[in-house]
Amino acid sequence: MAKFGSRNKSPKWISNGCCFLLGAFTALLLLWGLCSFIIPIPNTDPKLNSVATSLRSLNFPKNPAATLPPNLQHDPPDTTFYDDPETSYTMDKPMKNWDEKRKEWLLHHPSFGAAARDKILLVTGSQPKRCHNPIGDHLLLRFFKNKVDYCRLHNYDIIYNNALLHPKMNSYWAKYPVIRAAMMAHPEVEWVWWVDSDAVFTDMEFKLPLKRYKNHNLVVHGWEGLVRLNHSWTGLNAGVFLIRNCQWSLEFMDVWVSMGPQTPEYEKWGERLRETFKDKVLPDSDDQTALAYLIATDNKDTWREKIFLESEYYFEGYWLEIVKTYENISERYDEVERKVEGLRRRHAEKVSEKYGAMREEYLKDNKRRPFITHFTGCQPCNGHHNPAYNANDCWNGMERALNFADNQILRTYGYHRQNLLDKSVSPLPFGYPAA
């Protein structure tokens with residue numbers, strides 16, 4: 001029995017040894033495979049190396065959802081302010097806790113929240129009836145096209161309203177019910193940008209410096225000295241303004257429009273505004289003088305600290321002093337492009353912002369295009385322009401401004417107008433303006 005046992009020891013030892021070697025070999029294979037992931041084996045193929053380098057150089061976003069477009073089909077059943085029957089779009093009933101309600105809506109719609117901080121909605125409009133000026137409707141169409149062009153370049157949404165939302169708030173007061181309703185209809189936007197129908201974007205590349213206004217809720221073109229010290233009603237212009245979509249703005253507009261024609265104190269406010277602003281021409285209470293009054297008399301900084309009076313660029317500019325400068329400005333821009341080949345490069349319209357940003361460094365010491373040319377007093381729709389202006393100056397000025405702006409759009413399509421008072425266009429040669 002002892003001999004039988006000794007004869008079977010050797011095969012068992014060999015079998016165990018084979019299993020050990022097989023296991024060790026498998027472990028080595030696994031270790032080698034793991035190391036190949038942690039410490040990549042150098043690749044001698046230059047083509048593969050080039051591809052790998054290119055992939056590593058791509059800056060993929062940490063949060064891919066942040067780069068996706070808003071989901072227009074997502075509206076969960078969660079209750080929001082829209083489901084509250086007490087919520088009113090009109091200015092007759094104050095809105096409360098708007099910041100919290102807007103924030104809650106954005107939490108339920110996260111695809112909108114990623115870009116909400118800088119999102120702008122441009123709002124403009126005109127009266128419900130046709131224009132009495134024979135060319136008025138044509139001019140309003142061209143003014144609107146100009147705004148659509150600007151919004152398309154910068155990916156802004158735009159609303160054109162021609163409905164009177166409050167029967168008593170007409171003329172210059174008509175815009176405030178529209179702005180109030182737009183804020184509620186668009187909780188995804190941070191800013192609402194009102195631009196009068198008779199205002200033209202004449203620098204299509206320029207973007208609002210929103211960081212400059214991060215601590216403010218209302219931006220208006222104006223000068224504090226003229227408003228607070230001189231008490232001039234033209235110390236600011238309320239035809240173009242940027243207002244934040246927040247509770248402060250809703251409360252401020254409630255105070256602002258309390259001087260409007262829908263209130264029983266309307267006539268008294270007209271008298272008070274004329275007493276405060278001796279240069280006021282209009283007898284009635286108007287929104288521009290009302291805003292100036294709130295700024296000039298706000299000694300406790302109830303509102304003033306959140307209002308930014310912009311005077312460093314043409315947030316909106318007086319047309320009479322601007323329209324005669326277009327040709328000289330165009331020549332200055334052409335001069336820069338002759339020196340900088342990159343600015344002359346043809347490109348898709350969708351990437352126009354890149355070239356606008358590139359141009360900025362060459363405009364620091366030069367006069368840039370006026371951002372917005374505002375035809376105050378020209379009344380393109382009814383034709384009843386300010387008697388201080390010549391009618392032809394108004395109509396020719398509008399034509400020049402619209403064509404000056406349109407040239408900036410047409411260039412991307414390979415055309416331009418040589419004469420700002422001529423509607424005909426010509427193809428641009430390759431390499432323009434150096435060609």
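Yeah, the Cβs are placed from backbone N, Cα and C, and that goes for glycine too.
Looking up ASN8, ASN230 in Swiss-Prot for N-linked glycosylation site, the annotated residue turns out to be ASN230. Through the fold, the coiled coil (321-354) approaches residues 152-154, 202, 204-205, 207, 314, 362-363, 366-370, 373, 396-397, 400-401, 404, 407, 412-414, 420, 430-434 of its own chain, all at least 6 residues removed from its boundaries and within a Cβ separation under 8 Å. A Cα-Cα distance of 34 Å separates ASN230 (N-linked glycosylation site) from ASN328 (N-linked glycosylation site).
Around ASN230 (N-linked glycosylation site), taking its Cβ as the centre, 15 other Cβ atoms fall within 10 Å, counting all chains.
Secondary structure from DSSP puts ASN230 (N-linked glycosylation site) in coil. Averaged over the topological domain 'Lumenal' (42-435), the predicted model has a pLDDT of 92. DSSP assigns ASN328 (N-linked glycosylation site) to a helix in the three-state reduction.
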